[in-house]
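As given in Swiss-Prot:
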type     : residues       : note
DOMAIN   : 63-253         : domain 'KARI N-terminal Rossmann'
ACT_SITE : His178         : active site
DOMAIN   : 254-401        : domain 'KARI C-terminal knotted'
BINDING  : Asp262, Glu266 : Mg(2+) 1 binding site
BINDING  : Ser324         : substrate binding site
Amino acid sequence: MSFRNSSRMAMKALRTMGSRRLATRSMSVMARTIAAPSMRFAPRMTAPLMQTRGMRVMDFAGTKENVWERSDWPREKLVDYFKNDTLAIIGYGSQGHGQGLNARDQGLNVIVGVRKDGASWKQAIEDGWVPGKTLFPVEEAIKKGSIIMNLLSDAAQTETWPKIAPLITKGKTLYFSHGFSVIFKDQTKIHPPKDVDVILVAPKGSGRTVRTLFKEGRGINSSFAVYQDVTGKAQEKAIGLAVAVGSGFIYQTTFKKEVISDLVGERGCLMGGINGLFLAQYQVLRERGHSPAEAFNETVEEATQSLYPLIGKYGLDYMFAACSTTARRGAIDWTPRFLEANKKVLNELYDNVENGNEAKRSLEYNSAPNYRELYDKELEEIRNLEIWKAGEVVRSLRPEHNKH
């Protein structure tokens, strides 16, 4: 469809939605709010001023939930509460990088544990971590740490657990950012020690986004959970750490709910499902005689550049109100058909996540010695699909690339 956002229709949308306003910034400005930051940082930066208000009970469509905010944990409280702790970041991938730098910038005592002289070790040095002072091999970091933040990949956690487990001694805290290893313990063989707090903080975004939003003084939404509370302080510890690593708003969940919703989301609307829908529509348009440019524009470009940002900022109803009456009528009429078709697939997906089939598939694939080669091959196949080749050209024609 065409995105017919005339002045008349914009005013109608404004009347429909009350005081909310149409986004006026260019898409390039919107994109900058989620852009990946540079991987090089100064050794330390001053933590940005956070705009927060405290814990409150909020009504989510009739269900009341507690939501914690950063103001419960100002920087001074964080530093005092964790003054006797050493946060050991195990793994320096996406989450290790973002969470580690944020906690360090909050003034906490943070060290990093990775394989010596590997790519992550070298990246950590570039980011200001000092070998022998704040950067150590994994086992040494665990011995030195009091809060062990296991941010390795799921497959790597399974592989390294036999060596890590004996080092997580009484009095330490075991921290995860994903419930995978603990909930699917029959496959991962990860059984946390009985005499330590086991907690989870799961940022709702990549580690790069965690870092970017922190540097902008905002903060990412995160969930927290307690699997095992030995000290009686596991919950407050989890919330404090959530703030320390850059969270703005923090929601309570369980390890099981976190991992199931996460895996379903990634395979569904967030990545797999939307990719499948993009491909299906593009292929139908091409098979029916439309050009690659037209098919891509009506499938991906208009969605990501015009419509999805409005949904993210104001909601689906606002996006509908900003479009033509013809577009709205068709969207509303066809929604039940797509809902019916997709619920069947999503229920099948949920079952496969809940019964451990997806965990088994993930561990087997990502533990294979040649998994990187297989993964690169799959990405290359995606990259070479006509839809994304056409997309490269369409993106090059965006206004921000053609300033004269």
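From the backbone N, Cα and C atoms, a Cβ is placed for every residue, glycine too.
With the fewest other Cβ atoms inside 10 Å of its Cβ, the least crowded of the binding-site residues Asp262, Ser324 in this structure is Ser324. Each residue in the domain 'KARI C-terminal knotted' (254-401) gets a DSSP state, and the totals come to 126 helix, 0 strand, 22 coil.
Taken together, the residues in the domain 'KARI C-terminal knotted' (254-401) have a mean pLDDT of 96 on the 0 to 100 scale.
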